[in-house]
Amino acid sequence: MAMTILHASEKVNAEAEATTCPPTEKVKEEQQQQEQLQHSKTSKRVQFYRFALFFIAGSFAAFSFHALTSSSSWRLRQLHHLPNAHYLQTREEFAVYSVEELNAFKEFYDKSISDSVGASYSEAEQTNIKEALGALRLAQDMHLSGKDDKASRLFEHALALAPKHPEVLLRYGEFLEHNQRNIVLADQYYFQALTLCPSNSEALANRQRTAEVVQTLDERRLQSLDSKRDALSAIHESSSALRRAKKEAYFQHIYHSVGIEGNTMTLAQTRSILETRMAVDGKSIDEHNEILGMDLAMKYINASLVQKLEITIKDILELHRRVLGHVDPIEGGEFRRNQVYVGGHVPPGPGDLALLMQRFERWLNSEHSSSLHPVNYAAYAHYKLVHIHPFIDGNGRTSRLLMNTLLMRAGYPPVIIPKQQRSKYYHFLKLANEGDIRPFVRFIADCTEKTLDLYLWATSDLPQQIPMLIQTESEAGEQLAQMRSPHISAQSASIPEFYEFSGSGFQP
């Protein structure tokens, strides 16, 4: 009996020990598999909830963005920095944009143009249009009678009264093309008529006839500039005449560039400030500082920017920082933070500047841009930057400096826009805003040619000294009339003629 009880107790103890001993490896694996299965189910459930949440949020964002971009106000905000009918410009202008962007631009501007054409005129505008159309009919009668001088004056009067009327532009263009042999200006008026009324079949037919001829003339002009550039490049840098010309032109560049912005310093006073750093009596501190800022910017170009393969936003900011370095050090090198208005042009808002400047930088360094003729490239860059108007002040000076930087990199001397030509300068910029940048490019080409003529004349064997600049408007008009021919010889021109259209020099 005792033996039986003992065995029973041993059996109980063995079962107890069996229940308290650790599990075997097989049990452990089963437990781990169950835990992993449970974790996998939980993880999949969480992932599903996350995906559903992101899908709902993404769908809502896409719907909101579509609704926003479909509104006309959003399109206006994104596209108002471009001029009306910009899609009609030369194909070099939009080659860096995608097909979708081009279609968006065209759709937007087609609507804006049709709206502007169909807009109601004020009573005064209607009166001017009626008078302009009357003058137009009378001009055509005078032309048929053989009185072309009177007809020309009547056409000009009609254009002054209604400069944006397609019929006036069309008929005056035909008169210029067939009677005055001015096919370039005629093509410009046909272009404007099409910009205002794209469905005008007569303007379209005329434009198709003149466009190729005008393009050929422009290309020949650029080839002529290249020939003069090569002739200047053949002159050795050690030439004393070339060094004198560079030094004199350097003073004139600063004088003209600040003069366009309203600075009243004379050329002699500008030269004195740069050479002596002494103040001029009767002139404001800002006028002194504008000259010193241009001097700093031009030295920066000569020392650094000309040698760079690519020009970045940082380089443009550094250039602007020097332009305003003495006038407004706080705003120098900074994008504006407020909306500005420049005559009838409304530049983009400050919130759009970063994106637009990034696009401008991308265009500036693109392969397409580098394939353009240097004069076209420089003129486009000048216009694009001044149109964006990224700074509170100094946009014009910075744009002209950038233009000259690009020209100098291509072997051209830096050119000047004479202060006497200020009204033409702004007029051609206005035409570019309205859709045709070609007149502005031709204006820059004119300035480039006069600069080249200046250097070629100054380095010739003629005994005269480098002349002083003509500064009066009447003298400028007289010299302009004498230099209408684009192929005038440098050796045959008179001394003042060159300096009326002279370009800037770089620091020797």
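Including glycine, each Cβ sits where the backbone N, Cα and C put it.
Annotation source Swiss-Prot lists active site at His389, citing similarity to another entry. The ATP binding site annotation in Swiss-Prot covers Glu261, 342-345, 393-400, 425-426, Asn433. Here Swiss-Prot flags 311-446 as domain 'Fido', drawing on sequence analysis. Among the features that Swiss-Prot reports, repeat 'TPR 2' is placed at 166-200. Here Swiss-Prot flags Glu261 as site 'Important for autoinhibition of adenylyltransferase activity'. Swiss-Prot lists 48-70 with the feature transmembrane segment.
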Subject >> Rounded inter-Cα distance in Å - Glu261 (ATP binding site), His389 (active site) >> reply: 15
**OP:** Using C-alpha atoms only, work out the spacing between His345 (ATP binding site) and His389 (active site) and round it to an integer in Å.
**Re:** 10
Original post:
Within 10 Å of the Cβ of Glu261 (ATP binding site), how many other Cβ atoms are there?
Top reply: 15
Original post:
Between the residue listed as 'active site' and Gly396 (ATP binding site), what is the CA-CA distance rounded to a whole number of Å?
Top reply: 8
Original post:
Including all protein chains shown, what's the count of other C-beta atoms within 10 A of the C-beta of Gly394 (ATP binding site)?
Top reply: 25
Original post:
Given the binding-site residues Gly343, Gly396, and counting only Cβ atoms in the protein chains shown, which has the most within 10 Å of its Cβ?
Top reply: Gly396
Original post:
Can you check what DSSP calls Gly394 (ATP binding site), collapsed to helix, strand or coil?
Top reply: coil
Subject >> Whole-number mean of pLDDT values that fall within the repeat 'TPR 2' (166-200) >> reply: 92
Subject >> Fewest other C-beta atoms within 10 angstroms, as judged across His345, His389, which are the recorded positions >> reply: His345
Original post:
Hey, what's the Cβ neighbour count for Tyr426 (ATP binding site) at 10 Å?
Top reply: 14
Subject >> For the repeat 'TPR 2' (166-200), the number of residues DSSP places in helix, strand and coil >> reply: 28 helix, 0 strand, 7 coil
Original post:
Once the DSSP letters are reduced so that anything not helix or strand counts as coil, what is His345 (ATP binding site)?
Top reply: strand
Original post:
Counting each residue once, how many in the domain 'Fido' (311-446) are helix, strand and coil under DSSP?
Top reply: 84 helix, 2 strand, 50 coil
